[in-house]
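To start, the structure itself, in structure tokens.
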Amino acid sequence: MPRLAPTDAPALACRGIERSFGGLKALKGVDLEVRPGEIFGLVGPNGSGKTTMVNVITGFYPPNAGRVALFGDDITGLAPHAITRRGIARTFQNLALFKGMSVLDNILVGRHIHMHPSVLGTLFYWVAAVREETAHRTVVEEIIEFMQLQEIRHEPVEVVPLGLQKRVELARALAAEPRVLILDEPMAGMNQEEKEYIARFILDARDERGVSVLVIEHHMDVVMAICDRVLVLNYGETIAAGPPAEAMASPKVIEAYLGHSAARRQLRAVS
Amino acid sequence: MFYRQAGIRYTSYPAERQLWPLGIERVLMGLILALALIAPALLSPLLLSSYLLPWVIWSIAALGLNLLMGGAGQIHLGYAAVMAIGAYSATHAARAGLPFELSLLVAGLASAVIGVIFGAAALRIRGLYLAIATLAMQYIVDFAIGHIPAISGGTQATVATPTPRILGIPVEGPVGGYYIALVVCIVVTLFMLNLRRTSFGRALAAIREKDYAAEILGISAFRYKLMAFWTSSFIGGVAGAILVFCYYRSVSPEQFHLETSVQLVAMVIVGGLGSVLGTFLGAALILLAPLALSALVASLASSGLPIGSDLRAHLPLVLYGALIVGFLIAEPLGLAKLYDNARKYLLVWPFRHARS
């Protein structure tokens with residue numbers, strides 16, 4: 001359960017994270033620190049280990065070495081559902097919504113850790129469960145309003161357009177009232193307008209709901225615009241870190257994205 | 001038509017989440033309940049005891065299986081074994097002098113405990129492999145019952161069930177048995193209906209659809225799969241006990257062989273995975289179809305077609321198979337979906353399209 005941490009503790013701190021799959025070293029000692037109230041970008045070319053890093057933090061792949069701490073509490077090696085209860089929520093690169101359920105029910109599942117599901121509660125719905133359901137429905141309706149999903153709340157989630165599905169998934173993650181929100185490519189496959197919407201929601205979530213955000217994103221314009229700091233990974237190693245403009249201008253990053261000669265041209269242009 | 005949604009405005013969340021939001025459907029449900037209550041007065045004893053009573057009892061069992069298959073997405077090919085455990089434990093408990101109500105509880109608990117042990121396999125395996133694991137349960141339970149005289153009463157033996165007593169009052173005859181089954185059926189039905197609007201049901205559905213996404217929302221797949229097996233097996237055990245106490249009035253191993261399991265899976269799939277109404281329709285179709293078929297075959301045979309007795313005995317199984325395959329191809333969501341299509345059509349009739 002959430003407990004008050006010293007205010008100077010980072011929201012999320014990863015130290016020396018290593019993880020391999022068979023002979024492949026996906027992460028080779030990565031350090032990462034998200035400060036409270038920060039929007040932190042995790043970028044890098046395809047296959048650089050970004051999603052693996054998120055899977056390590058959320059407990060899907062326990063690290064081979066290194067520690068993960070949430071507001072000073074060690075959460076290394078906990079099961080994903082236990083980590084969620086400590087206050088981390090995430091979305092997936094490829095949508096992971098529950099088909100056959102309405103948008104509303106999908107977001108209500110996000111309230112799971114705050115509810116008390118039971119067999120008897122289901123049987124005697126009218127005695128107690130109805131009050132709990134109503135209370136949490138009220139919270140969910142606030143999030144629906146915040147994310148502007150009122151029009152589609154009763155639609156089956158699979159008939160909703162992709163851009164809105166991404167928004168529903170973000171709403172479901174916010175419904176858990178996390179302290180740290182991890183977004184794995186929230187804007188993949190979106191047009192400019194949808195991207196701007198999501199960017200606005202991420203900023204609002206940070207400003208109004210006080211969550212710290214770790215975001216994986218390929219759209220550099222968005223990363224530059226909303227991230228306070230970034231970490232650039234390549235082949236499982238940190239190649240740059242810091243404010244986005246600085247980090248992205250680093251020769252190593254340009255080399256990783258565009259190759260040797262591009263990096264040399266860039267250096268010559270600067271000097 | 002008589003179905004209309006227009007003009008219905010809700011002023012509270014519970015009102016929006018009521019089981020039957022349309023007034024006409026509430027009236028319909030009240031009518032069905034009233035008919036079910038006065039059925040013994042309306043129907044001949046033969047109709048009651050050989051059609052309505054088994055329909056109610058098999059619906060309870062199929063609802064229990066649908067909780068697992070439709071609700072939590074875990075297949076179970078040994079559900080008859082779950083019912084057998086309930087049937088035998090209730091019979092022995094009642095014969096040892098336990099009141100009937102407590103015997104039902106014993107039946108549910110015994111089935112739930114053993115069902116969870118086999119269900120634990122579901123934590124590691126899924127799909128086809130889980131089907132085989134539950135099939136193994138069917139054979140192991142069959143074997144255990146047949147080879148332990150303390151349970152079965154000896155080889156090929158039939159154990160008579162005592163007359164059920166509710167609060168010490170003996171409940172005799174098909175009418176009494178019918179009311180016991182009806183009460184249990186109503187309770188299980190309400191539970192299944194509520195499943196859709198409570199966090200427990202949503203957690204099961206989340207496990208069914210995407211277990212990794214469920215995990216990240218704080219739903220322990222371990223815990224909820226076991227809870228699904230526990231609850232489903234509990235219902236199965238009670239259904240088994242009701243079946244032998246109120247319908248067969250004795251218990252023997254051949255009542256709960258693999259055919260029965262297949263029949264239950266057929267009820268759930270033909271009726272509609274995850275649908276309560278569908279389960280009732282599926283149970284009715286699977287119970288009635290073989291009767292209609294054998295009547296048809298009998299009339300064909302008497303008109304001179306050469307139909308052997310072997311074929312006649314196995315035709316129902318062929319029919320279950322054909323129904324399952326047919327529904328999986330043509331309408332995977334079963335009879336419930338057919339009903340839903342008709343309902344949606346009537347909601348907007350005479351127009352053709354509308355948001356439902």
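Any Cβ shown, glycine's included, is placed from N, Cα and C.
Under the heading transmembrane segment, TrEMBL lists B:27-46, B:52-70, B:77-96, B:102-121, B:128-148, B:177-195, B:227-250, B:262-280, B:285-305, B:317-336.
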- Note on the structure: Given the transmembrane segment (B:52-70), its same-chain partners at Cβ distance under 8 Å and 6+ residues beyond its ends are 39, 43, 76, 79, 82-83, 174, 177-178, 181-182, 184-185, 188-189, 192, 195, 204, 228-229, 231-236, 238-240, 242-243, 246-247, 264-265, 267-268, 271-276, 278-280, 282-284, 286-287
- Mind pulling out the one from B:102-121, B:128-148, B:227-250, B:262-280, B:285-305 with the most Cβ pairs under 8 angstroms to the transmembrane segment (B:77-96)? B:227-250
- Top partner of the transmembrane segment (B:177-195) among B:102-121, B:128-148, B:262-280 - counted as Cβ pairs under 8 Å: B:262-280
- Long-range environment of the transmembrane segment (B:128-148) - Cβ separation under 8 angstroms, sequence gap at least 6: 74-82, 84-85, 88, 114, 118, 121-122, 155, 253, 256-258, 261
